[in-house]
């Protein structure tokens, strides 16, 4: 692609509005970077589908040359140069590393990184299902229609306007997409819970019961039940989710609607639930939670695992940007939002809670303790 000579000359000479040619070229590069941002996701998706992380990992400690990778992938030799170009951007993004191979002269080889380790399909905390789920065309399609959606006067989400059904209804009608989504959420849960259980140990000591609201198929409930065998754990979710699931000694599944009733417990646990809902819906859920727990003096509290969006001047650029990406994903799929501390506080006060503590120990997410 080549710019028209007159346009290129105009940019280099400035635009007549006080902007220098260098400033305009920098602005142009900034725009191009965002135009092509989607390529990072697609390149990563391609690498995972080709099993490149597995090949590099299994070849350790030796680096894998391009020719060896072509052979391992069983792709046409004619596409070697294209594979090199794919790897080049993934090395630039930090997903793979490159090194000189001494025994092969100046030939280069590829090595895995910590990020690519988390993309291994058999890794207990693999992020591959999350990657493949969130870049699935069904999930991305609503974002193509944001501008049309903003002009609509109804209360449909972009997902509903695109696919003719809400996200949850769509999953009920397309089991394979529900499975993809559940796998995506499961991988996030496994990674986070390894930290949560360590960080929550002191927060859960002394309690006798806990209910995991919207706990799905019980990944969190099982982890807590195993880590705290003296705590009675209850997983609450809709009948179609938990109706056929069986518990264990200190774990049970209960069918129900969190907007109507939450089983009594010392602690109510909400992992990535409230960000799915708008403020009015969140307040309803929080009020049901407050009804389910004892007073603060008796040890009652909520534990919320969710995002607290960084203030403009706090947190790294990358982490804040990722939080904002999450927020627009929620806008596309559901009625929810990622919230700042101020926005969380308004919800807690409106639902009748008196205090809260935020512990930012989960990377992009935080542990929020809320007290009646």
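A Cβ is built for glycine as well, from the same backbone N, Cα and C atoms used for every other residue.
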Using only what Swiss-Prot says about S-adenosyl-L-homocysteine binding by 214, 257, 258, 271, identify which of 237, 279 is listed for that site too. 237
Of the recorded positions 214, 237, 258, 275, 306, the one whose Cα sits nearest to the Cα of residue 338 (active site) is 275
Just the number: how many Å between the Cα atoms of residue 237 (S-adenosyl-L-homocysteine binding site) and residue 306 (active site)? 18
What whole-number value in Å do you get for the largest C-alpha pair distance within 214, 237, 257, 258, 271, the residues recorded as binding S-adenosyl-L-homocysteine? 16
Rounded to the nearest angstrom, how far is the Cα of residue 306 (active site) from the Cα of residue 275 (active site, proton acceptor)? 7
